[in-house]
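Trainee: Sharing the record's features from TrEMBL:
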TRANSMEM  21-44  transmembrane segment
TRANSMEM  50-70  transmembrane segment
TRANSMEM  99-122  transmembrane segment
TRANSMEM  134-152  transmembrane segment
TRANSMEM  161-182  transmembrane segment
TRANSMEM  202-223  transmembrane segment
TRANSMEM  235-258  transmembrane segment
TRANSMEM  339-361  transmembrane segment
TRANSMEM  367-394  transmembrane segment
TRANSMEM  406-427  transmembrane segment
TRANSMEM  433-458  transmembrane segment
Amino acid sequence: MNDNVQNSKQPTLQGNMGVPQLVMSVLAFSGPLCVAAAFITAVLMDAGSAAPWVYIMCFVILLFFSVGFAKMGTVMARPGGFYSYITDGLGKKMGMTGAFLSVAGYMVNGLFAPPLLAIYLQQVIENTFGGPHIPWWALAIACVLISVFLAYRRIDLSARVMFWVMLCEVALIVIFDVAAFINGAPANSGGGMFTWPDFTSGTFGVALLLGFGNFLGFEATVIYREECREPQKTIPRATFIAVIGIGVMYSVTAWAFVTFYGADNVQEVAANETATMFSTALGALTAQIMNDIVSALACFSVFASMLSIHNVAARYLFSLGQDKVIPEIFGRVHHRHHSPYISALAVGVFWVAMLIIFAASGRPSDYLYPLFSGSGVFLTLLVILLAAIAVPAYFHKNKQYNFSKFVTIVAPVIGILGLAWIVYLAVINFGALLGSTGVVTVIFFVGVMVYIAGAYCYSVYIKKKKPEVFARVGRQDAADRLD
């Protein structure tokens, strides 16, 4: 009783996010302009004119997953992202393991942004404005501090920043797509378009991994449950709009590349001009000034991605702190901003510390961002697979819900099979995912496996030694507040 009274007086997370803000937060996670300029071109390098199939397949897999995932979200009121879903479907030990995987995945994945952003900023400062050379690590740390400033405050501020940046990025990509289809060569010039991909090809497997990584972040729709309007309606709508919107946009953009360069030529161009492929095409289709606009917007795109990841990672730490799985201080809410400010600061401190360590090691910035991005994507893939398995498991345990078999079994199982295939591809192509080979790949893979085992063992320890904490796993108290 006293605990309940005390908890009721504590500040809680608050916000006023609607469907547009949620969708843009998801979109910001991958950074559409960066996807068009860097990742789609990399997919084209591996898959050639079959690249649109990569995004179509990823889109279909996630769409099947989202059917049961969104429906499950309407009958459970516990925030905490996949953490809560896995807990309700597979039990508290697997839920805790998934939570720690998510924290590691997002915090490591977020480290791709500062070094990449530093590269873009150096180009703008030196080439566009003729300014001095600034070390990449100094620019990277400065960007992290700005992200901390925004993440420390109420989510509405971050949402507004991401909304307008995403609006500009999407507009630029639409301009490119329309111009390519109007002024480019026929899509099948020099070769067949939309040829069925070779699933046995190792390069197509790598392309599928890269493409799937561009969809990550749709979990933001559920992790902001306490900070959005009418979550029971807003979250399912935002989830489907985000998955469908991302799938259609990236598939069409990949098709636009093939249209402009020609089906027979696009793979060779992507291999030789990966970094400049998008800007070259956009400049040829519109005006050269668009290249300067792309350079400036690319900086904002990477920053918006970093901010989105920062917010998600902070809320995972917050959930674990609220459950007392980690020190309670991480579960504190700012009395004025109603944000998980301690967790937001912790993410920033971790990023700055890691940047200082890698800067001291002498590693160049272009070596770091694929390493961090690949590691984070792999960890997050595992969490999504666990969440997918949790959906039919949850409905099997809760037969009181009169939903169709397609929603509770068929669609989720199709999603599980697709996601399991993606994880298998990630394992056999782990070196390509990290952008590295040899000892580094082995160290990272073994490290991931040890971390997973350690997270599960910690959940067993909590159950045995701290049963009162174990009972709270999955944000049990939050359900009472939201019901």
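All residue numbers here begin at 1 and follow the chain in the order shown.
Glycine residues also receive a Cβ, built from the backbone N, Cα and C atoms like all the rest.
Keep in mind it's a predicted model, so treat the numbers as computed, not measured.
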Trainee: Apart from its near flanks, which chain residues at least 6 from the ends of the transmembrane segment (406-427) lie with a Cβ under 8 angstroms of it?
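Mentor: Those are 57-58, 60-62, 64-69, 71, 205-206, 208-209, 212, 377-378, 381-382, 384-385, 388-389, 391-392, 395-396, 433, in sequence order.
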Trainee: Return yes if the transmembrane segment (161-182) and the transmembrane segment (99-122) have at least 3 CB pairs under 8 Å (sequence gap of 6 or more), otherwise no.
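Mentor: Result for the transmembrane segment (161-182) with the transmembrane segment (99-122) is no.
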Trainee: Which stretch from 21-44, 134-152, 235-258, 339-361, 367-394 shares the most C-beta pairs under 8 Å with the transmembrane segment (202-223)?
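Mentor: That would be 21-44.
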Trainee: Take a look at 50-70, 99-122, 339-361 and tell me which one has the most Cβ pairs under 8 Å to the transmembrane segment (367-394).
Mentor: 99-122
Trainee: Below 8 Å between Cβ atoms, which of the listed ranges 21-44, 50-70, 99-122, 339-361, 433-458 makes the most pairs with the transmembrane segment (235-258)?
Mentor: 50-70
Trainee: Check the transmembrane segment (339-361) against the transmembrane segment (99-122) for contact, please; criterion is three or more CB pairs under 8 Å, pairs 6 or more apart in sequence.
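Mentor: Per Cβ check, the transmembrane segment (339-361) touches the transmembrane segment (99-122).
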Trainee: If you count every Cβ pair below 8 Å, which range out of 21-44, 99-122, 134-152, 433-458 shares the most with the transmembrane segment (50-70)?
Mentor: 21-44
Trainee: The transmembrane segment (433-458): which same-chain residues, six or more beyond its ends, come within Cβ distance under 8 Å?
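Mentor: Residues 93-94, 96-97, 100-101, 104, 206, 209, 370-371, 374-375, 377-379, 382, 426.
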Trainee: Where else in the chain does the transmembrane segment (99-122) make close Cβ contacts, counting only residues six or more beyond its ends and a cut-off under 8 Å?
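Mentor: Non-local partners: 34, 80-83, 86, 133-134, 136-137, 139-141, 143-144, 216, 295, 298-299, 302-303, 305-306, 309-310, 312-313, 316-317, 319-320, 325, 347, 350-351, 354-355, 365-366, 368-370, 372-373, 375-380, 382-383, 386, 451-452, 455, 458.
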